[in-house]
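What Swiss-Prot lists as [8Fe-7S] cluster binding site is C21, C46, C104, S143, and the listing cites similarity to another entry.
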Amino acid sequence: MSEINVMERTRELVVNPLVTCQPFGAMFATLGIRRGLPIVHGSQGCSTFVRYGLNRHFREPAEIAVTSLHEDAAVFGGRSNLIDGVKNLVKRFRPELVGIVTTCSSEITGDDVDGFLRVAEAELREELGERFRTRMVSISTPSFVEHHLRGYGNALKSFIDTLAVDEGDCNERINLIPGIVNPGDIREIRHIFELMDVDPIILTDTSDPFDSPLRPSKTEKMPFYPKGGTVVSDIEESSNSIGTLSMSMYGNEASETLKKRFNIPKEHHIPIGVRNTDDFVRSLARIAEVDVSEELLDERGILIDSMADISSRYLFGRTAAVYGDPDMVMGVSRFLCELGITPLYACVGVDNEIFREGMKRVASEADERINVMINSDLRALERELTEEPVDFMIGNSDGRLIARDLGIPLVRMGFPVYDRVGYHRIPVVGYRGSVNLLNRITNTVLREYYEPQHWKLQQ
């Protein structure tokens, strides 16, 4: 029966949430810019929470400034905090870009962030003269509504609105919006672009900032920044690209802005599994007007061969529950169906029409009935799994206690993974990344269902 059973959370209380607040996504996007620094216009806890979350997943420090609003700012506003904070940040760190990220407190008090920034920029020009070259981008992320994915999308749209300029000359490049993914995933997508001989503009590139080599700074005078990141000039050039490929459904506002303002075509694909990666590669080849490389076809063949070797023997007929961000859940669900596994539950903490339609397509292609949990949380998933368990779960480390209590093995992926190390370096996108994911799933099944009975492994 090819249909989805949409299950929406009916209670107001969220228990063990699948999403976090908007500023998280905005800070993540800003840190993907070369010599870019976010400054949080809010309390100290707003930045500490995000730094902690990023650190325990990537095992890397995250440079995030904060205006440190206190009780008086809730009454009188945070004008002086923001102006002084931005000026100190520019003078001490000399960033190429500062992203000013709002929070609950600054949004509710109604601070005129853009007006405060104009004052700060005027004072910096007066004090520093030509040495002041930092670009300022205001990012509205009221954290009492929506979630981190919306904050990520708002940040990208703000970068495009503020920085992109139409110079009229086509640069023959393709904009890539990767979404909130791991460094290994971005490197794998860059590898695909290289095989296709296409130069991407990655909006934004967090691969090196969140997985940088530990080496001495090359100069003692310049503040230390991690290597890599998208240069500001590339964001300015994004308006002259030949197309935009988005791996994030919440990056669509940025790609839609590029389409409306600069007439740049856009497409959305999450390259996990065979069909999804095929769609991504076809779009890339069509937009860039290039042929698919033989090396990429070989990588596809290796994935197909791995599926033929493994799927029917160990995976066919099994059931799974997938939870996390909607792009990941939708991509993994389609890949599971290709492996002969039924994604019995697809659980996300948001409601998005692209996700709903995508899951309908997955169910139709596989002729399966999938329970799609919308605006949900891990507590709701736990209750469903108690009634109808699955063979394994796929998602981040936040589901580890459910997996332990119910005796269901957990295949870790997505964000955050904090009870294992190195996962952020291992891609799960593209053909090679899908082989990694296939191996991870299969080894989990072998350990749980075959290892206790060793004779089955000899069959």
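Each residue's number is its place along the chain shown, starting with 1.
Placed from the backbone N, Cα and C atoms, the Cβ positions cover glycine too.
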Rank the binding-site residues C21, C46, C104 by the number of other Cβ atoms within 10 Å of each Cβ and report the first-ranked residue. C46
In sequence order, what residues of the same chain, 6+ apart, have a Cβ less than 8 Å from the Cβ of S143 ([8Fe-7S] cluster binding site)? C21, Q22, P23, C46, T103, C104, E107, G151
State the three-class DSSP label for C21 ([8Fe-7S] cluster binding site), counting H, G and I as helix, E and B as strand, and everything else as coil. coil
Neighbours of C21, C46, C104, S143 excl. site residues, C-beta within 8 Å of centre, [8Fe-7S] cluster: Q22, P23, G42, T103, T141, P142, F144
